[in-house]
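Participant: The domain 'Pyrroline-5-carboxylate reductase catalytic N-terminal' annotation in TrEMBL covers 15-107. Positions annotated as NADP(+) binding site by TrEMBL: 16, 17, 18, 19, 20, 21, 78, 79, 80, 81. Annotation source TrEMBL lists domain 'Pyrroline-5-carboxylate reductase dimerisation' at 171-276.
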Ligand SMILES: NC(=O)C1=CN([C@@H]2O[C@H](COP(=O)(O)OP(=O)(O)OC[C@H]3O[C@@H](n4cnc5c(N)ncnc54)[C@H](O)[C@@H]3O)[C@@H](O)[C@H]2O)C=CC1
Ligand SMILES: O=C(O)[C@@H]1CCC=N1
């Protein structure tokens, strides 16, 4: 197995697009020891406050021009899929022979990315999620044929501080991945909103209901993370036969319940991911 140098010795990393997803990964990298002066952000849409805040932490904010002559070790594209066509020609100016190219954009395939760079370019497509910001993310990666074992080790080193990483060989799976783990945190946050609203409907004050919903999802996630038991087993441990939980699960697990709804939701997200490409 090829082992890449620790993150503190990696770089320079050029992040193009430091919005919600790029920003989340950036925070994880800096927390894990990526040296700020070897971390370059190119994002003309950054607010002056955010640019100043990153600058104060030592991160280099680039206006683009100076990047042309200093190819980064890694170039990470974290702009919206709709922005990619505008960004690729600029990104191609920055990429050198040694640069590993990573894109986290939903729907944009390796083939389309490759058209933006030199034919021999090593390109990895990653679908991360925003819990990356606190090191609890799930990222799935797929590389083109040019990607080496060393490149994979570098991607692992970069993504491990953001949470778990899984590699797939079949890029065709990535739309479903996007629909489950890429978009999935939003489903969990919506669950919190739905539980809080249901608590209010059951007579709880709004603030207390939100506290209960939020901490229950946080606590459920922490138990799932810390326990060797499967989700199904943990669910059974809450469910006394003939008790209150069973009464609720009879509703959630009924026909047209959560399982059917989630299947439809994930299928819709997968369709949209395919459309974006
Ligand atoms: N937000 C999420 O949970 C996830 C997002 N993604 C992917 O990450 C990508 C970014 O999404 P978000 O961070 O949510 O969007 P965002 O809108 O928060 O961030 C995009 C950033 O790109 C910047 N930008 C726009 N044009 C640019 C240019 N020409 N050069 C450099 N920067 C430019 C914007 O100023 C903005 O800060 C998308 O492709 C999305 O599919 C993937 C997984 C999860
Ligand atoms: O909503 C989106 O399109 C992006 C991709 C996965 C999460 N956010």
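Every residue gets a Cβ built from N, Cα and C, even glycine.
For the listed features, I'd like the structural context: burial, neighbours, distances.
Facilitator: When Cβ atoms from all protein chains are considered, those within 10 Å of residue 18 (NADP(+) binding site) total 26, not counting its own.
Over the domain 'Pyrroline-5-carboxylate reductase dimerisation' (171-276), the average per-residue pLDDT in this prediction is 97.
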Participant: Long-range neighbours only, meaning 6 or more apart in sequence with Cβ under 8 Å: which ones does residue 16 (NADP(+) binding site) have?
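Facilitator: The answer is 22, 42, 43, 75, 76, 77, 78, 79, 87, 90, 91.
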Participant: Where does residue 20 (NADP(+) binding site) sit in DSSP terms: helix, strand, or coil?
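Facilitator: Residue 20 (NADP(+) binding site) sits in a helix per DSSP.
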Participant: Excluding near sequence neighbours, so keeping only residues 6 or more apart in the same chain, what lies with its CB under 8 A of residue 20 (NADP(+) binding site)?
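Facilitator: Residues satisfying the criterion: 130.
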Participant: Can you tell me how the residues of the domain 'Pyrroline-5-carboxylate reductase dimerisation' (171-276) break down into helix, strand and coil by DSSP?
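Facilitator: Residue counts in helix, strand and coil order: 87 helix, 0 strand, 19 coil.
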Participant: If you measure every Cα to Cα distance among 16, 17, 18, 19, 20, 21, 78, 79, 80, 81, the residues said to bind NADP(+), what is the biggest one in Å?
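Facilitator: Roughly 14 Å, rounded to the nearest whole number.
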Participant: State the count of C-beta atoms found within 10 angstroms of the C-beta of residue 80 (NADP(+) binding site), not counting that atom itself.
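Facilitator: The answer is 15 other Cβ atoms.
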